[in-house]
Amino acid sequence: MFASLLVILVPLLVGYAVPVLNASWMARVNQAVSYLVYFILFFMGMGLAAIDNLGPALMKMAGTTAGIFAAITAANVLGLWGLSKLFHDHGRQGERQPIAWASVFKDSGILIGTVAAGTLLGLVLPVNAHLFSEAALVLLLLLIGMQLRAAGMSLRQLFLNRLGVFIALTVFASTLLAGALLAPWLGLPVRHAMGVVSGFGWYSLSGILVSDALGPLWGATSFFVDLFRELVALALIPTLMQRALPLAIGYAGATAMDFSLPVIQKSGGASAVPVAIVSGFMLSLATPVLMAILLA
């Protein structure tokens, strides 16, 4: 367990310790992360191909993904709605932001296609993908640590934004509770079930870490749960923002600080941005650490 934890935390902390002050170098880091995600997802697909009775296994995975997604959504919505009542938040009236759905579905399709391509190749050309994905994972975590450092959030900035902190904690607690309650249905130990659900929308990392710990089938399940979460969040943020800001930002999960941020800003105005960044940053920081502990 300790060795598995170190494999994840050491490169993450080393990357976080490296300041990248040059914007052009940061752009290269971001590009490298993107390439590595595709590389690892491809080999996750090859790992899927090695599963016996793949067809029935994929059908079962689809049902499991739907069940996990529904449970997380219900738990998050209930928790965040309660938080909204606690803070007496009645939503924000911002602009209706048109979402470039063609681009969103194109990006999602490429990710899913990468996994599918790896699976198809693995069926005709069996390869031990674990060694390749393990090395790529270490490099990916190193670069992610650099990205988190570049976000520039100090502890003082984090804890000054009380609502952002409470949103992150509510998402954190309600998601883990849903995972614990799902454990008997999933047939997993409680800590592993909580690990599977603790991606908070960060599909490019959660699928990889879960696959490395529990196998490609669970990795693919976690990947699709978090991918669907991001798509649903983008669709619902404008409507949710008019009713309860914590609900709109919290459901975006870790993506509130990056991918979902433009929609949050347009829907909730400038005052919603620092709340979203703090909440998203805390969940992004928690994801690799929490998964390392729960899945080790």
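From the backbone N, Cα and C atoms, a Cβ is placed for every residue, glycine too.
Taken verbatim from TrEMBL:
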type     : residues : note
TRANSMEM : 6-25     : transmembrane segment
TRANSMEM : 32-51    : transmembrane segment
TRANSMEM : 63-83    : transmembrane segment
TRANSMEM : 104-125  : transmembrane segment
TRANSMEM : 131-151  : transmembrane segment
TRANSMEM : 163-188  : transmembrane segment
TRANSMEM : 200-219  : transmembrane segment
TRANSMEM : 231-252  : transmembrane segment
TRANSMEM : 272-295  : transmembrane segment
Between the transmembrane segment (6-25) and the stretches 104-125, 131-151, 163-188, 200-219, the largest tally of CB pairs under 8 Å belongs to 131-151
Region pair the transmembrane segment (272-295) / the transmembrane segment (32-51), three or more CB pairs under 8 Å: no
Can you work out which residues elsewhere in the same chain, 6+ from the ends of the transmembrane segment (104-125), have a Cβ less than 8 Å from its Cβ atoms? 37-38, 41-50, 54, 203-204, 220, 223, 227, 231, 234
Contact call for the transmembrane segment (163-188) and the transmembrane segment (231-252): at least 3 Cβ pairs under 8 Å, seq gap 6+: yes
